[in-house]
Structure formats: structure tokens, C-alpha cells
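Below is one structure, written out as C-alpha cells; the observations come after it.
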């Protein structure tokens, strides 16, 4: 159903793998450098990169699992794992950023001695690595529509800012002896991390809550279906995302009771084509006549009724 879903998946996977290898390798160097130079800005950036490499690894596993076929046990396959991974990733970012802020506050009152030359060298290398990875992601991956790639890309961008922060802090300490610059840089990094973590978590939870996809205009969709020749009205409408870039719709449509099966088929084909252009790739429409017992509201209102009275889904 999902148009060119698998093709995008292949290039996204390659981008994630290259990024994962580069970021993990550099993260180890930066963590060792942070301990040796005693720089919280470097350590916070390494912590951020650790969450990066974990998120990239989880994203890779998510892509691998998403390729598994649907089964009787899981009729959607493992496509949702990607969204679950994005939630874990977002929460990890939030926790890491809060810990960095806590550490930085302690350091403001007792700034330790920082080996600035080492700090400067490592953060410049870090910036170069981040720029390269961000470039690979932008050119090879789907940073706009795929939540997992977007999450990983946001990590890399805020990492880049983290490296810039560490470079500035090192320069300030070298030239002005401002030892508070190190914890200050880490707080700025932490706030950026917190922000991207919040957004990734919020968007992922919206998908898990079966929320309407952000790029779908519900009023326009209702209008499109109801304006189709042969459709009298619709009700019990649901629009949701199965995973990034795979939107689904189900509804009941009231049609003339004289309609033949082949006529209703051609109405369905027309609606599927129209909705496909509007970003909905998985469409299920139940055709029924006005005589069929139903609730007239467009959106499903069945929260409080007895399951036995429930209109058929």
C-alpha cells in the first residue's frame, strides 16, 4: 500500500549505518577526552553523542524489524516499533539533558581546572564529524517525513551546536580565564537536547495515541470523500498513522441502495486515488445504505455505549 515505502527504507538504513559507525567512534574519543581534560562541555557532548549512537542503533533495529512480514499475531507487522524507538530516544534525551544541567549547576560554584588545549582540539574534530554526518543524512535520508531519521538528524544538529559550544568555552577559558564558560556551554547544549527530546517524544506519542497525522487536513478529507459522486454521507471516520509516512483511513459511507458492486468498486477506486494524492495510502471504506443502523456523527462517538450496541467497525 505505502508508495515507495521500501525504497526509502533502504537508503535510510544505509545512512543510519554510516552515521552510527562515525558517531560511535567519535563518541568514545570524546568521552575519554572529556575525562582526561576534565571538561563538562565535552562530557555533556559525549553524553549527547551516546544517546545519538543508541538512537541510531535503535533506529537501525527498527528498520530491520519493520521489514518483517505481518503475521496472524501482528497484522501490521513491526512497523510501529520505529515509533516506539523514537519515544525511547526522546525520553533518553530529556533525562540526559536534565542530568547535564544538574552537573553544570554544581560546577558553577566549584569550577574545576580544565585542560583547554585538549578540549579545543577534540571539540573541533567533533564539529567536523557532526557536519559530515548531518550532510550524509540530509543528502541520503528522509529527514522530513521519517520520524526516526528526523530524530537522529535532530540529535546530530544539536550535537553540532554542542561542539560549537565546547569550542567557544575552550577559547573563553584560554583567552580570558573564564572557567564558568565550561558549565555554561554544557547548560546551553542541555537546553537544546531537552528541546529536541521534547519534540520527538511529543510527535511519537501523538502517533501511538492514534492522533491525526500533522500533514492531513481532516476537513479537506471529509469534503473529498463526500463530494465523490455516489456518496451521500460518511460517518465513523478515523485517520491515523501506522508509522512514519504510512497513513491510514477508515470510515463508513452511505450510498444509494440500488448501487451495483461494480459501481461501488469504481467509487472506491476514485476515492482511493484522491486520498493517495493527499497522503493517505491505506484506505478502508465500508459501504452501506441509509437503512443500515448507524450513528450520524462523522467522528466516532462510541466511547460510552455498551459494546453490544456498538455499530460495526
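For all residues, glycine too, the Cβ spot is worked out from N, Cα and C.
Topological domains recorded in Swiss-Prot put residue 14 on the other membrane side from residue 184.
From the options 15-35, 183-203, the stretch Swiss-Prot describes as transmembrane segment is 15-35. When the ranges 118-138, 139-159 are checked against Swiss-Prot, the one recorded as transmembrane segment is 118-138. Secondary structure of the topological domain 'Cytoplasmic' (181-313), assigned with DSSP and counted as helix (H, G, I), strand (E, B) and coil, comes to 58 helix, 31 strand, 44 coil. Residue counts for the topological domain 'Cytoplasmic' (102-117) under DSSP (helix as H, G, I; strand as E, B; rest coil) come to 10 helix, 0 strand, 6 coil.
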